[in-house]
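Visitor: Feature annotation from Swiss-Prot assigns transmembrane segment to 25-45, 90-110, 131-151, 158-178, 192-212, 233-253, 274-294, 350-370, 389-409, 412-432, 449-469, 484-504 (among others).
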């Protein structure tokens, strides 16, 4: 499968999952608004979701896929099957133990970690504990799903692993439709949603398990043993978990601080869902394009080529995220109004969530740049530097959130996350440059300036059209009118940005092609290419 086809498969599925996520959040906004029940559910769901991001997705895929692919090359499918069974036995046992411990300690976790601000409200606190207890086993399903997804990617079976995440949103949407159709109250709706999370985890695991069986591997449960391969997996996964989970760590810190104000957690969640769309889709593109190219160049000793690929990846990220950041800043209220403003979600909620989204947009280029810069360390087997910079960013985020929340409330938490993201990105960039892994290019600096100019011109067009079409975008218009006008405005803005960028030299067709295409590698190296996918 060519790189472009892999991008379409994985990136398209990611986009589909984000779209279904929007639908889910829209229904949740209508059913729960930003009231206390929304706060309770999101607080309870954030904890298993954090563990999923830290251990199931980024860390496990970064550690397991290279070792599994290496085992395929060295010992064939039989060796890979043996390795996967070793990992499965240990992973299943560890996850079962973690789940039992967390279930027993859930009241303490809610009081001190998940939502300290709920401690003074006995009813709110008790419900958060019970909902979190229902949803936490989702971690177990998702971790095993991540392992089998890594196997599928190494075997070049991308579809099942790519579509599995969609089932979470589909099942939760079904639960919301059921609740709304039968007129369930917010409490009952929260229970429906909690059980739907657990059901979705089982379905996702079933999808990838069937995919692995179809790919020719049947996994058996072995007695857990910490073999050398398993130990190596753990050594790789721990720093990757800490580094890759910086966004989720920042969100949990923000949630803990925001729990002191009713509605703050839900408002941050609604804004984060939209912000994650460009972050997730572009991040997938960077993962597919950059990592295999960079690893292959370094392995073959082409140091200058590796530096060039790193620079082109930065250019590619800025090309996509700078205009997205401007659009999120200027259109935040209109986007929130179209997606969420109905039912229990009113105009005041739109203003609040829109302001949070605008600030999140400022951090968008930084968080995608992090995804483009970290492979420069991982490809050179340096996992400690990104982990150290992540720790610094988390500390700064915590301090700023505490300082800004009394002044700016939810907006202060969003601003702290954006600042921490930029600090992390700058540290990664400067370190790569000082080590000689990034080569300064005046052409890159000039193109970055031209992309900023193009984004500014696009922003001017957005401001002008938003003012002219304000009556059509306002709360008094029908949903169909608002959606159509907003869609047209975004299309015009995109056209203006691309035209200006091409005309003034901000980007060229060749750059896009270099980032989206590569020659098909020889079979011997094909499995290694999966490491970065």
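Quick reminder: no glycine exception, Cβ is built from N, Cα and C everywhere.
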Visitor: Does the chain bring the transmembrane segment (192-212) near the transmembrane segment (449-469), so that three or more CB pairs sit under 8 Å (pairs 6 or more apart in sequence)?
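Guide: The transmembrane segment (449-469) and the transmembrane segment (192-212): touching, no.
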Visitor: Residues of the same chain, at least six outside the transmembrane segment (25-45), with any C-beta under 8 angstroms of its C-beta?
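Guide: Non-local partners: 110, 114-115, 118, 124, 127-129, 131-132, 135, 173, 176-177, 179-180, 186-187, 189-190, 193-194, 197, 255, 259, 262-267, 269-270, 273, 339-340, 342-346, 349, 352-353.
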Visitor: In the same chain, which residue numbers or ranges, 6 or more beyond the ends of the transmembrane segment (131-151), come under 8 angstroms Cβ to Cβ?
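Guide: Beyond its ends, the transmembrane segment (131-151) has Cβ neighbours at 40-41, 43-45, 47-48, 51-52, 55-57, 60-61, 64-65, 68, 80, 84, 87-88, 91-92, 95-96, 98-99, 102-103, 106, 109-110, 114, 160-161, 164, 190-191, 194-195, 197-198, 200-202, 204-205, 208-209, 211-212, 215, 217, 219.
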Visitor: At a C-beta cut-off of under 8 Å, are there same-chain residues at least 6 beyond the transmembrane segment (412-432) that contact it? List them, or none.
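Guide: Answer is 246-247, 250-251, 254, 257-258, 264, 268, 271, 310, 356, 359-360, 362-363, 365-367, 369-370, 373-374, 376-377, 385-386, 389-390, 392-394, 396-398, 400-401, 403-406, 438.
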